[in-house]
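Quick look at what Swiss-Prot annotates:
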type: BINDING; residues: Gly9, Ala10, Met11, Ser12, Ser13, Gly14, Lys15, Ser16, Asp93, Glu94, Ala95, Gln96; note: ATP binding site
type: ACT_SITE; residues: Glu94; note: active site, proton acceptor
type: BINDING; residues: Cys151, Cys154, Cys188, His191; note: Zn(2+) binding site
Amino acid sequence: MAQLFFRYGAMSSGKSIEILKVAHNYEAQGRKIALMTSNVDDRSGVGTVASRIGLHRKAVPISEDLDLFNYVSELNKSDVESGNGRVACVLIDEAQFLKRHHVLECAKIVDELKIPVMAFGLKNDFQNHLFEGSENLLIFADKVEEMKTICHYCGHKATMNLRINSGKPVYEGEQVQIGGDESYYPVCRFHYFHPNKQR
């Protein structure tokens, strides 16, 4: 039975490497996947899923106006007609940047096309507000799973993302600022509020 999955975690929790692993596993069994990512994240180029350990792969960029249901329906139809087989799974990286309509389209892919959708992304931003995509995935997903990582400062479980500028914490600004290890640290709640204190 197809389901909508949301796997979330703080920065550096292995979300992108996990999605690349899932894609590989499906394809190793001869099954077709649709690999997609938000066009907002351009750190490695628009339409690229890239992990911090260096693995990367091209993906379909999701723009604000892309209808995911129609895209997957057409992809599925053309693949079946050409003999390439049906799409077995839709994989979406950087899902926090999805709009509400994208998440509803993902649910429609699951419910009407019977294709599982696995979305990976951050849950909360650097101010601990939910991203639009994450909020709607938490509402509409059949299964939600946390991907764990450790606090940059103490090694406890990290649940938050601390924005950094020149080594100093930043608590105000635009919600979206694309960056990696140089801009964000995964942190526990204590070190989110007290980054310079020992726990």
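Glycine residues also receive a Cβ, built from the backbone N, Cα and C atoms like all the rest.
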Cys151, Cys154, Cys188, His191 excluded, remaining Cβ within 8 Å of their centroid (Zn(2+)): Ile150, His152, Tyr153, Gly155, His156, Ala158, Val187, Arg189, Phe190, Tyr192, Arg199
Spatial neighbour of Cys151 (Zn(2+) binding site) that is closest, considering only the recorded positions Ser13, Asp93, Glu94 and their CA atoms: Ser13
Cα-to-Cα gap, Gly9 (ATP binding site) vs Cys154 (Zn(2+) binding site), nearest whole Å: 17
Rounded inter-Cα distance in Å - Cys188 (Zn(2+) binding site), Glu94 (active site, proton acceptor): 21
Between Asp93 (ATP binding site) and His191 (Zn(2+) binding site), the C-alpha gap once rounded to whole angstrom: 27
Pairwise Cα distance for Met11 (ATP binding site)/Cys154 (Zn(2+) binding site) [Å, integer]: 15
For the binding-site residues Met11, Cys154, the one whose C-beta sees the most other C-beta atoms within 10 angstroms: Met11
Proximal but sequence-remote residues of the same chain as Glu94 (active site, proton acceptor) (Cβ under 8 Å, at least 6 apart): Thr37, Ser38, Val40, Asp41, Phe120, Gly121
Pairwise CA distance, His191 (Zn(2+) binding site) versus Ala95 (ATP binding site), rounded so that it is a whole Å: 26
Site with most surrounding Cβ atoms, counting all protein chains shown within 10 Å, from the binding-site residues Gly9, Ser13, Ala95, His191: Ala95
Neighbourhood of Lys15 (ATP binding site), C-beta criterion under 8 angstroms, separation at least six: Arg7, Tyr8, Gly9, Asp93, Phe120, Gly121, Met147
Largest CA-to-CA spread of ATP binders Gly9, Ala10, Met11, Ser12, Ser13, Gly14, Lys15, Ser16, Asp93, Glu94, Ala95, Gln96, angstrom: 15
